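Data first, discussion second: the structure below is written as structure tokens.
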DNA sequence: CGCCATGAGGTTTTT
DNA sequence: CCTCATGGCG
């Protein structure tokens with residue numbers, strides 16, 4: 001097919017193409033696409049906003065689009081810019097385009113993550129922002145460390161102003177595309193006694209002397225370069241004839257500015273995303289980017305991918321019903337023509353977290369008995385601390401599980417130490433690495449010696465390694481420190497020498513061995529030592545896949561993880577965030593309680609915007625499910641070692657009841673009467689005139705009053721409010737205070753559930769334990 | 001230099 | 001409650 005036939009094109013396709021030479025507009029890769037997808041592929045010219053709902057074949061559409069551009073020769077592979085957020089996404093995209101166009105995809109050197117592409121551009125023009133093209137990319141840890149140094153140097157109280165705090169301010173500014181000169185003056189007051197901007201400036205200067213850039217810099221420096229040098233910008237504008245951006249709803253302002261600059265000329269920019277799945281606002285993502293796309297790029301064509309190929313109608317209805325409560329959205333309606341028999345979304349209330357873990361585990365075992373593989377099931381939680389109860393239960397039940405996410409390989413202490421050795425070997429000027437390992441293992445270089453060395457180096461404008469070398473020529477250093485430092489520096493020279501003509505894995509192993517680092521862990525009593533040694537071995541192996549040490553190190557700084565083999569036959573346990581983009585036949589969504597989900601902190605810090613993002617997170621969770629979605633909430637939960645009663649999440653009330661089934665605990669409550677009660681409790685909802693803002697325990701509440709106790713409450717206790725037999729300590733008429741709602745007056749009391757008129761928040765139903773006498 | 005006591009804080013995560 | 005970081009002391 002076409003001119004770029006290759007071994008990668010399946011034979012069947014090549015045969016087909018040979019049999020009936022297809023005209024370009026009826027190309028075989030278009031087969032099986034629906035109208036919207038086809039539209040998204042064919043509309044190559046001008047700005048395009050591809051609004052792709054969950055499970056609507058987004059990846060297929062966008063990879064086909066790129067394949068189409070290449071196949072029809074609208075652009076050469078190197079004239080296409082395609083950006084993603086993660087390496088994984090970039091890899092998958094490349095692979096899938098490869099299936100369509102074969103080796104041509106290898107020419108797509110501008111397909112990658114925002115960061116890797118920005119880094120590539122920055123290496124070419126580094127001198128404009130006072131860097132050398134060999135600059136190092138520092139990670140979050142080093143960033144914090146540097147910030148700490150800057151705070152210290154500024155003579156600020158280090159207890160009051162943490163490195164972490166400064167780093168997050170700087171990150172935030174960089175995410176918004178702000179250099180020190182552009183930060184609004186008012187924002188300086190937020191940090192370091194009004195020294196915020198000064199500190200930011202000092203931090204940037206330190207980076208320049210270190211010849212380093214942090215992640216935020218990669219984009220920001222690009223923007224600076226483009227703005228200062230229209231000629232350079234023009235070059236890239238001409239080069240990138242077609243641009244494609246995946247997960248556009250996750251872009252921050254800096255990324256937006258970068259894209260806008262590049263797209264200015266050809267305007268052939270296609271952004272793909274789903275505003276309903278924007279869940280990274282807290283790290284700088286701007287939903288506004290996708291909401292305003294049509295304004296930012298006049299004449300943009302909006303293409304909606306709404307036909308869902310993943311989930312059952314009930315799951316789609318539940319997700320759609322929930323997300324409809326959000327006000328700021330572009331609006332989409334997912335539909336499916338799958339009308340086969342399917343189950344409703346299952347909702348279960350339980351007594352406490354332990355019971356929740358137990359029932360989920362039971363469900364999993366049931367499914368397994370029915371022949372379902374463990375890897376077809378996933379438990380998705382809001383926050384990682386919720387994982388523990390499931391892990392414990394899985395362990396006792398002997399169910400294999402895999403936690404997805406968690407601490408990353410390249411972030412672990414031993415990995416970072418080892419990399420510091422390798423980096424320092426390649427570049428002896430790398431002071432951050434020097435500091436990290438100069439005394440690890442111990443070489444007699446204590447805090448005092450290092451302090452002196454640092455001062456010395458800075459005075460002479462030398463790197464630490466160089467300064468150390470000079471220091472050894474004097475008599476100022478003696479004893480253990482002298483021998484330790486001498487051996488260390490000798491080692492560096494030797495390794496640097498050897499690195500030139502030795503395989504990276506061999507050199508890595510040699511360095512770790514000769515430096516005494518391996519021995520450091522071997523003789524460590526730490527219980528983690530064996531696994532750390534394992535990790536070091538893994539790192540050495542990973543290095544072996546590269547031709548040079550430098551090549552490996554470049555790769556490492558932009559890749560957060562080495563490929564972990566996802567072994568089959570394990571239940572997946574992860575956060576909702578980590579689950580974005582994945583799908584499973586059976587999905588469990590536990591912990592749907594106020595405070596937990598939506599997270600109290602999101603609401604506190606970001607108000608309604610925070611709430612909407614939480615709701616999108618819930619939407620992401622539900623839409624991960626193909627066949628079965630099981631939501632649960634507990635009436636009591638142990639939080640920080642204290643028992644707290646919990647209210648069912650308001651999101652539960654927002655699920656359309658027609659598509660939800662309340663399930664009682666199998667065996668315990670599984671009788672017809674309670675099933676009935678469950679249904680009628682739903683019907684009762686129509687009678688209550690509770691409004692949307694009532695945190696949702698209506699369901700439980702309405703069930704409580706019935707002759708037959710609600711199924712999920714039966715036996716152990718009433719759900720939500722264990723109505724203390726006596727009455728509440730608050731009387732009607734008394735003035736009370738609530739953490740979130742403020743001051744108010746009790747207007748009605750039933751057991752420990754009260755109705756209160758709050759002065760600022762209006763009429764609410766609350767549980768007395770949330771109140772204080774005012 | 002390493003170990004224990006004490007205290008604070010305790011979503012979500014990629015590059 | 002539990003974990004991590006820091007600080008003081010041996």
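Just so it is clear, glycine is given a Cβ too, placed from its N, Cα and C backbone atoms.
Taken from TrEMBL as is:
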- A:31-312: domain 'UvrD-like helicase ATP-binding' (DOMAIN)
- A:52, A:53, A:54, A:55, A:56, A:57, A:58, A:59: ATP binding site (BINDING)
- A:313-581: domain 'UvrD-like helicase C-terminal' (DOMAIN)
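A map of TrEMBL features onto the structure.
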| residue | record | Cβ neighbours (10 Å) |
| --- | --- | --- |
| A:52 | ATP binding site | 28 |
| A:53 | ATP binding site | 26 |
| A:54 | ATP binding site | 25 |
| A:55 | ATP binding site | 22 |
| A:56 | ATP binding site | 26 |
| A:57 | ATP binding site | 21 |
| A:58 | ATP binding site | 22 |
| A:59 | ATP binding site | 16 |
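Here the domain 'UvrD-like helicase C-terminal' (A:313-581) returns a mean pLDDT of 88 for the predicted model. For the recorded site, residue A:59 (ATP binding site), the DSSP three-state label reads helix. The DSSP secondary structure for residue A:52 (ATP binding site) is strand. Each residue in A:61, A:274, A:305, A:308, A:309, A:310 lies on the same chain as A:52, A:53, A:54, A:55, A:56, A:57, A:58, A:59 and has a C-beta within 8 Å of the C-beta centroid of that ATP site, without being one of the site residues.
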